[in-house]
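Trainee: Before we start, here is the structure in question, set down as structure tokens.
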Amino acid sequence: MSAILSADDLNDFISPGVACIKPVESLPQKESQSENPYEVTKEDKVQPENLPPAQISLTDCLACSGCVTSAEAVLISLQSHTEVLNTLDLYPELPLDFASDQRGTQNVGSADSDSRIFVASVSPQVRASLAATYGITEREAKYMIDQFLMGPHGLRAGGKHGNGFTWVVDTNVMREAVLALTADEVTNSLLSTGSGSLPKSPILSSACPGWICYAEKTHPFILPHLSRLKSPQALSGTFLKSVLSKALGVSPSQIWHLAIMPCFDKKLEASREELTDIAWASTSAESQTTPVRDVDCVITTRELLTLASARGLSLPNLPLKALPASCSTPFPDQALDSFLFSKSSSDQTVESGTSGGYLHHVLKIFQARNPGSKIVTQRGRNADVVEYVLMSSGDEPLLKAARYYGFRNIQNLVRKLKPARVSRLPGAKPQAVTSSANRRQPMSRNAAPAGTGADYAYVEVMACPGGCTNGGGQIRIEDAREAVPNALKETSTETPVAASKPTPHEQRARLARVDEAYYSADSDSEGSVTTEPVSVLSRDTKIHEFLKYWSEKIDIPLSQLAYTSYREVESDVGKTQNAPNETARVVELAGKIGGGW
């Protein structure tokens, strides 16, 4: 095979590692029952031994670098719809009562009981996938989820305790907070001299767990460039557990948080040791010995359909309208309630993309700070690589940024940022890695001119081609055909055998419908949308006021609530193990609750 093209460049899927260091203990083999020790037995006459199946849990994967990404390719026994059902049936719901004179909700149950408060957070990409599947609007998809999780005709209609979720929040709320803090992080990084806890320039987004997994395991030199901010999922978990535990006087372990996401890799993110109450809670005996995850369980959009099917419920048959006031419980704090359940719309436009709009928000903030400036867009060698330059009124570049989606493009970005090779020969000049990378890419002469990577101020990086609406956990065409069997009969002219396998055209059309539903969230919203640049600064100011209020309310610094850290994951696969305690060390790593991917 030519050195210019390798098999890894043909697609974006990175399979699990060949060698898995998961230690599987087995009993010694049974001794032969034959009376004659010299008897020869043919292999086809030997009865196969029924060995117990090896089970690999999520925490085992966190301590191993044998696999670089694609958590959906690993058989995971935890964080599934089964865990949701088992938890709902295992713990009774903690009684809550609304007290109007005290501006919030009170806990009327026992703080020491085994009861739980069930809360959930839902990403907008999940609602878009449901909307495209059932032919409804994004807002109706929100009503569908609320009715299923909180309403009397949903989960509360069955189960051992008739449990449901008390609050279901939109991760867009915490996404807005992350956007505001991202703009601050980029600003401070540009003004910084390179010291302190700020990431190095260019700052790379850190909301995609598949990308973080890849960086921690294969390219540790990238880690100083990663944004220190939590993802909207993680920040939602920190917010819910910190506020509710303080306001209701319960332990964070009594608050069970479910996240519904478009991506399987979000399950790995939720299992990180850095994303537990140890990072933000006050030091106590419980938090030191038993860390409590900010997100207890993550299920995908497809698993949401499986969850409903397991309870014998049909999502499209649920009322597509808002829950009555009798089914809604006010949040314990009125100020936080008005922000958390705001009716205003979020910025989900074609320009911002389908992955949260981190890059777009940074550009809009800097454009608002520089009146008369304009954003110039330059497409890269494919649709998933886009460069942006903020030009002043005098046509001077003020800020350069880029968007890289998909692992093929991420690998090109990593090559650009890789440090130069240091020659061991005295007097030799360092050899830049980018030069060899460019020699492997002869097609660049026909592509749009690309930046060097180091001149970017910010890069939005996502593992999935096309962004988060194309996440691995989204509803596939096959799932949509099963959920709505008559939806494609009128338009499909293929035979049943041919129609069973979606064509690339059908897959692109499906993704286009999901994207359309995602972008239509603003038109479905009950609030008004302001597009003036000054509104961006005004909105960021309100978000900073909210973050300050949250931090002061629970008496925890914002640096402990909104920021996290990353670490290099070293692999023992293929290394010579001379020390006698290597196996014990691997067992210890595999038994950890987290600490890297």
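Using N, Cα and C of the backbone, Cβ positions are placed for all residues, glycine too.
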Trainee: May I ask you to indicate which of 98-124, 422-448, 476-502 is given in Swiss-Prot as region 'Disordered'?
Mentor: 422-448
Trainee: Check Swiss-Prot: it lists C208, C464, C468 as binding [4Fe-4S] cluster 2. Then name which of C263, C297 it lists for that same site.
Mentor: C263
Trainee: Tell me the Cβ contacts of C263 ([4Fe-4S] cluster 2 binding site) under 8 Å, same chain only and six or more apart in sequence, or just say none.
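Mentor: Same-chain residues close to C263 ([4Fe-4S] cluster 2 binding site) (Cβ under 8 Å, separated by 6 or more) are C208, P209, G210, T300, C464, C468, G471, G472, G473.
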Trainee: Would you list the other residues of this chain near [4Fe-4S] cluster 2 - those whose C-beta lies within 8 angstroms of the C-beta centroid of C208, C263, C464, C468 - in sequence order?
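Mentor: Neighbours found: P209, G210, P262, D265, S355, M462, A463, G467, N470, G471, G472.
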Trainee: Let's check the environment of C468 ([4Fe-4S] cluster 2 binding site): how many other CB atoms sit within 10 Å of its CB?
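Mentor: For C468 ([4Fe-4S] cluster 2 binding site), the 10 Å Cβ neighbour count is 25.
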Trainee: Please identify, from the binding-site residues C208, C464, the residue with the sparsest Cβ neighbourhood, meaning fewest other Cβ atoms within 10 angstroms.
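Mentor: Sparsest of the binding-site residues C208, C464 by Cβ contacts within 10 Å: C464.
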